Amino acid sequence: MAPPVEGGDAALLPEFPRGPLDAYRARASFSWKELALFTEGEDMLRFKKTIFSALENDPLFARSAGADLSLEKYRELNFLRCKRIFEYDFLSVEDMFKSPLKVPALIQCLGMYDSSLAVKYLLHSLVFGSAVYSSGSERHLTYIQKIFSMEIFGCFALTELSHGSNTKAIRTTAHYDPATKEFIIHSPDFEAAKFWVGNMGKTATHAVVFAKLHVPGDQCHGLHPFIVQIRDPKTLLPMPGVMVGDMGKKLGQNGLDNGFAMFHKVRVPRQSLLNRMGDVTPEGTYVSPFKDVRQRFGVSLGGLSSGRVSILSLAVVNLKLAVAIALRFSATRRQFGPTEEEEIAVLEYPMQQCRLLPYLAAAYALDHFSKSLFLDLVEFQRGLASGDRSARQAELGREIHALASASKPLASWTAQQGIQECREACGGHGYLAMNRLGVLRDDNDPNCTYEGDNNVLLQQTSNYLLGLLAHRVQDGACFRSPLKSVDFLDAYPSILDQKFEVSSVADCLDSAVALAAYKWLVCYLLRETYRKLNQEKRSGSSDFEARNNCQVSHGRPLALAFLELTVVQRFHEHVHQPCVPPSLRAVLGRLSALYALWSLSRHAALLYRGGYFSGEQAGEVLESAVLALSSQLKGDAVALADVIAPPDFVLDSPIGRADGELYKNLWGAVLQESKVLERASWWPEFSVNKPVIGSLKSKL
């Protein structure tokens, strides 16, 4: 077990090394340490510090400059590192229940070090582990202990070669044989091979396999999850009847072994069925506590919400790292100036501010949202585990599904766009692989696809909202949900009568202005999407055709606007709560307002089309407010980056180091990469720079 970090604030939040960033740190309007304590809490900061210290002091996690590992070596090393994380026992099962936010905190810490490590750990412990825990019963609890001791290593096998998003078309079968009391897992052809399964390529010994359950008489009861052993834990050789392999090199996350598997009449015990949603008696009779097949199917895929919420957290990590690197670079990189003799930091330019600071605000807002949504998911999973089948529990599940389905697209796309902006904002230096922005971009890319294609997922959210409006129109039902994310819609007729009436930039510098506009926007898009859907049906389109025809210009922006509103609402409430220290209220208020107004500005055309905006002034005020808030935050930017940046060893970017010695750090890293540092004496000028080179050697 890793020893916890002891000592007071000085040990927990040590001062940064003196250097070129001092000037910006001195300009901050708040204490970065106070914000870190408010945002995380002392216990969480100690937890993260313990993890980072353990990684930095363990040779297994040593960074090797210029070492391009082969695919085989990288995946082997990543598995050994994952195994070491479990040996450290940073987070016991008991801790997970006592302090659930430590779960995403651990994933974020690992993701800051290496996305491949975080995803490997996540897939085994949370996705595979949660599927066993939430979909299984007491007879499966023995697996939980084996998961955390790594006696077995798991994966989640849903997607097939020919079907991913359309889970109802999955073709792997599980026929029950009452004579032997076994299920026969079978892939009917190669198109039914399980595909893209993380951990399956090289290391998984067990899989939660989704297959269509058949009982005698060939009656099919739809998709159900089964625990299937795919490899021998001692030899890692495939089990009889299982063909399993690695898919090869990907665009990113190459420490993660994505794989495929086919099953040829593989027999597993009846108890292998994860039976919380449905079971089969020894005689072959199917039984289920859920009478509604759709409800049973939804609960059986509940593990996907866990995965999507985790991806939200990982996307936020990638955005945090990119923004921290780019802001520290921008505060030390000097180009041009009012005179030829004076150059200014590129962060002083409004263009650089409006490129980077909205993404800094997005990192804070989405980070808070990811934590709050994770706690909502914990509440739902505890209800499942306790056998809660109340109407509220069912509605909570639907609401979380809608929020998770839209949060993954919003976060992964925001990170994707933000990382690219950060890369470009760092100029040519940002293109150098050692500065990590390219790796972050590639490692974030799969977040847009796995656990559900982003555009397909958004339809889940728009369908949820359309269903609520249909109930309102047909039955007069109120808009109510357990998490209150849709409660504002109860007043949607009166909200649609509102107009944007802010006439000055000063009156716009509050997230409350954006909240009012977002509520109008969601109401407007919901009404227009509902009208378009009914119009399509009246013209003869099937429900399938009608929904697809509505999605591009109606359902998709509806889902995104709804989720953005939810993020803005939660962050607004968070930064305006009474417990916020007075010294932090101004900077947090600006972050909240900037994220809200910047996000809203991308919907300006819809706001004009629907009549909420009119005349040039509305758009100009919104645009000017974003620029004003970015300018107001430039003095706080480095301190805000310090709060979210991990230690230099973890950040692993010469241009983003905390000392701000941009050129010394980059020059030293390039010399070490090119293997000429030890030959520096060949160049006479280096004789006067030996102290610098010596310090670079000690750093690197």
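Going from the start of the chain as shown, residues are counted 1 onward.
Glycine too: its Cβ is placed from the backbone N, Cα and C atoms.
Taken from TrEMBL, the feature active site, proton acceptor applies to GLU451. According to TrEMBL, the FAD binding site annotation covers THR159, GLY198. Per TrEMBL, domain 'Acyl-CoA oxidase/dehydrogenase middle' is recorded for 155-264. As annotated by TrEMBL, domain 'Acyl-CoA oxidase C-alpha1' applies to 302-466. Here TrEMBL flags 511-687 as domain 'Acyl-CoA oxidase C-terminal'.
Annotated features, which come from TrEMBL, shown on the structure.
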residue : record                       : CB count, 10 Å
THR159  : FAD binding site             : 21
GLY198  : FAD binding site             : 26
GLU451  : active site, proton acceptor : 26
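You'll find the Cα of GLY198 (FAD binding site) roughly 11 Å from the Cα of the residue listed as 'active site, proton acceptor'. A distance of 9 Å separates the Cα atom of GLU451 (active site, proton acceptor) from that of THR159 (FAD binding site). For the domain 'Acyl-CoA oxidase C-alpha1' (302-466), the model gives a mean pLDDT of 93.
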